[in-house]
Amino acid sequence: MQQQHLFRFNILCLSLMTALPAYAENVQAGQAQEKQLDTIQVKAKKQKTRRDNEVTGLGKLVKSSDTLSKEQVLNIRDLTRYDPGIAVVEQGRGASSGYSIRGMDKNRVSLTVDGVSQIQSYTAQAALGGTRTAGSSGAINEIEYENVKAVEISKGSNSVEQGSGALAGSVAFQTKTADDVIGEGRQWGIQSKTAYSGKNRGLTQSIALAGRIGGAEALLIHTGRRAGEIRAHEDAGRGVQSFNRLVPVEDSSNYAYFIVKEECKNGSYETCKANPKKDVVGKDERQTVSTRDYTGPNRFLADPLSYESRSWLFRPGFRFENKRHYIGGILEHTQQTFDTRDMTVPAFLTKAVFDANKKQAGSLPGNGKYAGNHKYGGLFTNGENGALVGAEYGTGVFYDETHTKSRYGLEYVYTNADKDTWADYARLSYDRQGIGLDNHFQQTHCSADGSDKYCRPSADKPFSYYKSDRVIYGESHRLLQAAFKKSFDTAKIRHNLSVNLGFDRFGSNLRHQDYYYQHANRAYSSNTPPQNNGKKISPNGSETSPYWVTIGRGNVVTGQICRLGNNTYTDCTPRSINGKSYYAAVRDNVRLGRWADVGAGLRYDYRSTHSDDGSVSTGTHRTLSWNAGIVLKPTDWLDLTYRTSTGFRLPSFAEMYGWRAGVQSKAVKIDPEKSFNKEAGIVFKGDFGNLEASWFNNAYRDLIVRGYEAQIKDGKEEAKGDPAYLNAQSARITGINILGKIDWNGVWDKLPEGWYSTFAYNRVRVRDIKKRADRTDIQSHLFDAIQPSRYVVGLGYDQPEGKWGVNGMLTYSKAKEITELLGSRALLNGNSRNTKATARRTRPWYIVDVSGYYTVKKHFTLRAGVYNLLNYRYVTWENVRQTAGGAVNQHKNVGVYNRYAAPGRNYTFSLEMKF
């Protein structure tokens, strides 16, 4: 309905009408000087924002590829460097196990790429003894950041968007397309990036090629990386370190003489006994080496690491003439290797270890006796698997991990910029993804110092030893997804409706193989010398009557440790779990005029799993997730926000397989973990920038942990059945999050344009921890996953035309709260004992970083950064947490904590080229 505009004739109107002819005449007189100006069109690519999916944006962070470049993100640890409340979970062997958010980590924080879940952190039981706390890798595959267009980090329950795993938050990556490389108005694009990071001697080389011919287009990205371990502050590794090593010395006993028959040229005992040899015994000798070469629990430096990565991404496609329809494909292959040596394992035997093993083994024939002048050949003791190991060789423990990801898929995208049909946007995609983690443990005892990973026992190296153990874990997904978006108005209310559907066939497979040992022995016998003139000789080891022995070449013995069906770590029966899942989600973000925005979402998930192993806790799970949010806008400069959301995590494949204690376990019913998030915030915004402060409350229940069902018998609590993964814990946390960016020119226009400041703060407090009464032998939930409270303050300048810029960042972290590391364990007898996650916690620390960039002719950008500018000595909690009980591969028997020191002053450089 059109409104009628009434025209009222008055003195003012008459005056204007009278003046108009004269004005028109003047314009006509000057028309000869008029020029038609060209039409200027300004186009900008749509950037992902915090409020794209959820109206409040509370708890969300969005980073574009440009942001990643500016922050010099070269690996997973750089991604959240300046984002308090989000931390990387160290896997313990150079890799990572995802992120920790709001007290939860690993599989409780969802990780997806284009909606496809990445591999779970699968921790298998470890072999008894040794240094390992997990038999498998426990890592989560890392993402190639040069392939990333944008990343959205959500803190708080987020299953309505990301499904299972988003119990405490989610990290969602979006892959680049050809448009991200091809410049506006061009038909092709080339991007190259060369970067070096001093903290780990990391080198990155990436090149992206994209082109468009007619409707056809394609993108190709290749990235290679090579790096070492993250080096600690130089002060942590200064000096030298000493250790004891067992060396051979002559036995002082009067009855320790012998003759080797093979060394007696004429074979006559009587002739050769005039020059007998003396037995050897072990004695500790103090030796000194550099801190880099030292092995043992008191090692100052981190374990050496060799890291390599190769990634290919290929995205071909065809865009139809009207540009509404697009059909494309994606092929991705990424392989990363993490090869490390555990140098906390002493390379050399000591007298204490030698004597203890020898005592345990009893009498060892030939001990102390050697051939030739090779005195070390007489020092050997009992080792693993009944093998004898010599003091001559050093021990090396190596972990070689290879992470391989392969993905290919098809997609159809419909985009309607005119918004005049049933959908503004629709996407139908099919992805087939396989991710495998190959974890190979090797223990060598066949080289001089233990550093040779490739040495093997041989007949000419008696008492040498080798052990291999390999666990290969893989997951596969065949995922079909559909997404629809539509904006429309009803009664002056703007709706932004989206519908998401998905169906997945998945599989999990763990193979335990190459589990064997090899050892080299020697031929030895103690003989009776031939009679002398018919007289029997009985040697007693004295100088005049030495022993008469034979020492010959031995052989190599190989023994298999793998067993089938014994339900312990040595069981090498393949583990397989398969299943299907589907989901349906709907979300509507509504704009109620200029005063308020309201949003709500609902999602239904279904998962069914099965296995050939009857002990696996498979089954069917149905879950419903939702969220709701509101933004009140009383003024142009103030927003009041509030949101609630739920999250869930279905039992992981490792939890479904269960804990095997040598008996045939029974399958148990495991319910999904659940979470409920409440969050309220206030946002100040304007020409000055924006500042947001929020308070959150996260409650977790039915947390899954290993333990027993409890029962009361004769008035006492006792365990029922076998150990299993059970729903047993609940917890609640609260916290504060502050985020802001200030444009100083907007605050005061006298200041130059381009100056800005940033501020971020996060604090979490544990409010409640409970254990179910019908569970026992349960460890209370320890919040070692909480990052200590942290402030990040920045001051920067970007030249208005984007030619150059500089930025300084101050990061201050508080100490790790001791209360977050203390807990109790419910014992089988009904009592409990106090526990502690780890023996150490970190102190407060601060660092200053400075970075900048300079662009030459719009094609070349040089970036540089100085991190820990003041060369401050500090230790992060994320590093020390590797010694905590909740660590994936817990570091045990740590003597000194220098090895966890953060890098000192270090530099990063990169050169970007765009054409």
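Glycine is treated like the rest: Cβ placed from N, Cα and C.
Per Swiss-Prot, the features are as follows:
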- 51-176: domain 'TBDR plug' (DOMAIN)
- 187-915: domain 'TBDR beta-barrel' (DOMAIN)
- 121-139: region 'Plug loop, interacts with transferrin' (REGION)
- 351-361: region 'L3 helix finger, interacts with transferrin' (REGION)
- 523-542: region 'Disordered' (REGION)
- 38-45: motif 'TonB box' (MOTIF)
- 1-24: signal peptide (SIGNAL)
- 198-203: topological domain 'Extracellular' (TOPO_DOM)
- 226-309: topological domain 'Extracellular' (TOPO_DOM)
- 335-406: topological domain 'Extracellular' (TOPO_DOM)
- 434-478: topological domain 'Extracellular' (TOPO_DOM)
- 505-583: topological domain 'Extracellular' (TOPO_DOM)
- 604-623: topological domain 'Extracellular' (TOPO_DOM)
- 648-675: topological domain 'Extracellular' (TOPO_DOM)
- 700-733: topological domain 'Extracellular' (TOPO_DOM)
- 766-790: topological domain 'Extracellular' (TOPO_DOM)
- 812-845: topological domain 'Extracellular' (TOPO_DOM)
- 871-905: topological domain 'Extracellular' (TOPO_DOM)
- 188-197: transmembrane segment (TRANSMEM)
- 204-213: transmembrane segment (TRANSMEM)
- 216-225: transmembrane segment (TRANSMEM)
- 325-334: transmembrane segment (TRANSMEM)
- 424-433: transmembrane segment (TRANSMEM)
- 495-504: transmembrane segment (TRANSMEM)
- 584-592: transmembrane segment (TRANSMEM)
- 676-685: transmembrane segment (TRANSMEM)
- 734-743: transmembrane segment (TRANSMEM)
- 803-811: transmembrane segment (TRANSMEM)
- 861-870: transmembrane segment (TRANSMEM)
- 906-915: transmembrane segment (TRANSMEM)
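Secondary structure of the topological domain 'Extracellular' (648-675) per DSSP, as helix, strand and coil residue counts: 5 helix, 5 strand, 18 coil.
With a threshold of 8 Å between CB atoms, the same-chain residues lying at least 6 positions outside the region 'Disordered' (523-542) that come near it are 253-258, 261, 269-270, 365-366, 369, 548-554.
Looking just at the topological domain 'Extracellular' (812-845), the mean pLDDT is 90. In the topological domain 'Extracellular' (871-905), the DSSP tally of helix, strand and coil residues is 10 helix, 2 strand, 23 coil. For the topological domain 'Extracellular' (766-790), the DSSP-based tally of helix, strand and coil residues reads 0 helix, 10 strand, 15 coil.
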